[in-house]
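Taken straight from TrEMBL:
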type	residues	note
COILED	137-178	coiled coil
DOMAIN	345-425	domain 'REM-1'
DOMAIN	535-594	domain 'SH3'
REGION	498-530	region 'Disordered'
């Protein structure tokens with residue numbers, strides 16, 4: 001720190017007053033060397049002070065004592081006070097960052113367990129298939145039954161682990177946002193650089209007029225003292241490497257401004273001490289006084305920001321990576337559609353079912369976050385209409401909460417888009433487009449686990465959220481009509497409706513004759529996506545043929561009996577046929593009593 005080093009130099013300077021020119025020359029050279037490592041008008045002013053030290057060959061003993069009492073001790077106290085003021089600010093950020101590291105550690109642990117359990121489950125499924133086909137080791141019916149029971153137990157356990165991992169991923173993101181908010185509070189300045197203290201043109205004219213009034217009885221030093229008493233001049237500024245990490249900090253900026261002001265006062269005291277020596281020191285003090293006047297806080301801060309500014313904030317959001325969502329095509333040959341990354345082998349239908357479950361989880365999370373966003377926006381509207389309804393801190397917390405919810409919505413949307421890509425590859429369909437596409441980076445850790453990082457500018461994260469999701473388009477009602485929306489055109493509410501059915505294709509044409517069934521209102525999913533499937537609402541008999549057009553639809557034939565679990569407003573029902581759950585057009589069936 002320049003403050004500590006200047007203190008040491010002034011202290012030695014006070015001792016050097018007793019030994020005069022020889023020691024003073026060395027100190028001047030040392031000060032020049034120190035100021036040569038920094039930039040700005042403050043550094044230039046102290047450099048000139050060092051040059052003047054080299055010319056001062058005759059010092060009074062009383063001047064040395066004055067320097068010790070009026071400069072050295074205050075500089076030391078200032079440096080100690082600055083260090084104490086910085087420690088609480090830095091400790092808050094360190095504490096938040098430690099929480100982020102702990103959350104990431106838990107997330108990585110659960111991620112590793114999920115992958116290991118998924119691999120074990122796939123091995124057991126392969127073993128069961130081989131036993132039923134009569135391949136490999138002979139197994140009795142009892143052994144096969146035990147293996148099936150073990151697989152079911154592992155499936156239940158894996159579903160819970162997947163949900164826990166997803167929750168931990170979101171908690172880790174929340175911790176990262178809290179850490180970012182700590183930095184934001186520390187680095188958000190209440191005043192712009194251009195609003196800092198500066199010497200006006202009028203002030204320069206006043207100073208020039210004061211200098212013109214100097215005569216034999218009104219020395220240059222008395223004019224400087226008179227001007228300083230009437231007009232507060234610009235403070236001194238010091239560029240220090242550890243300060244530049246959070247240079248724009250409002251709290252650190254206040255500390256820095258205090259240090260600059262005190263350094264200015266101390267340098268002015270130093271100037272006044274030199275002035276009492278007499279006419280022999282006038283020329284030296286003239287130069288030093290001019291250097292003090294050239295110190296510009298605004299200019300120094302601007303130079304420091306240009307030299308060591310950190311640039312715009314771009315958070316890194318680590319998206320969840322699921323075992324079933326890891327798919328990489330090895331060839332474009334139509335005959336080799338089954339070719340996948342063998343690091344995560346998995347049956348196609350089970351992979352599709354897992355991906356559907358993840359999309360359902362994320363859809364519920366998105367709905368929850370959007371409700372929270374609406375609540376915060378309403379609260380902000382109240383604050384806007386009634387400024388006295390809450391204090392400034394509460395309003396700022398609400399604005400930050402709105403920002404965090406928006407970032408979390410983007411996090412969920414990006415995760416949904418990522419899983420939708422995997423679903424498109426499973427179904428051999430074109431991948432959807434998204435505003436997140438160019439910001440997602442994929443890499444691997446030391447253990448070979450995949451890592452997906454969303455690096456998106458803060459303004460892009462909070463602008464236009466909810467306009468896109470993992471749902472690639474909107475399914476038209478089951479009345480024979482057909483309306484399509486692109487990935488980026490569907491509004492939030494429409495997007496959430498289509499979110500539950502994932503992909504856009506035209507619905508089946510209307511049946512040739514009227515059906516005995518009518519659709520009724522309902523919700524496709526329960527409030528808790530992990531609850532067991534609710535009981536059927538009714539049964540129905542198929543009266544017309546319908547061939548599924550998407551992976552979540554059922555192919556039905558006349559005479560089939562289905563259990564109906566849910567009736568949608570758009571004319572699609574969810575039901576079960578031969579153990580397979582999917583949706584089908586309500587106008588193709590007739591309802592039967594339970």
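Each Cβ is built from the backbone N, Cα and C atoms, and glycine gets one as well.
On the 0 to 100 pLDDT scale, the domain 'REM-1' (345-425) averages 86 in the predicted structure. Counted with DSSP, the domain 'SH3' (535-594) comes out as 3 helix, 31 strand, 26 coil.
Within its own chain, the coiled coil (137-178) is flanked in space by residues 96, 99-100, 102-104, 106-107, 110-111, 113-114, 117-118, 120-121, 124-125, 127-128, 131, 315-320, 322, 357-358, 361, 365, 404, 407-408, 411-412, 530, which lie at least six positions past its ends and keep a Cβ under 8 Å from the stretch. Residue counts for the domain 'REM-1' (345-425) under DSSP, helix first, then strand, then coil, are 75 helix, 0 strand, 6 coil.
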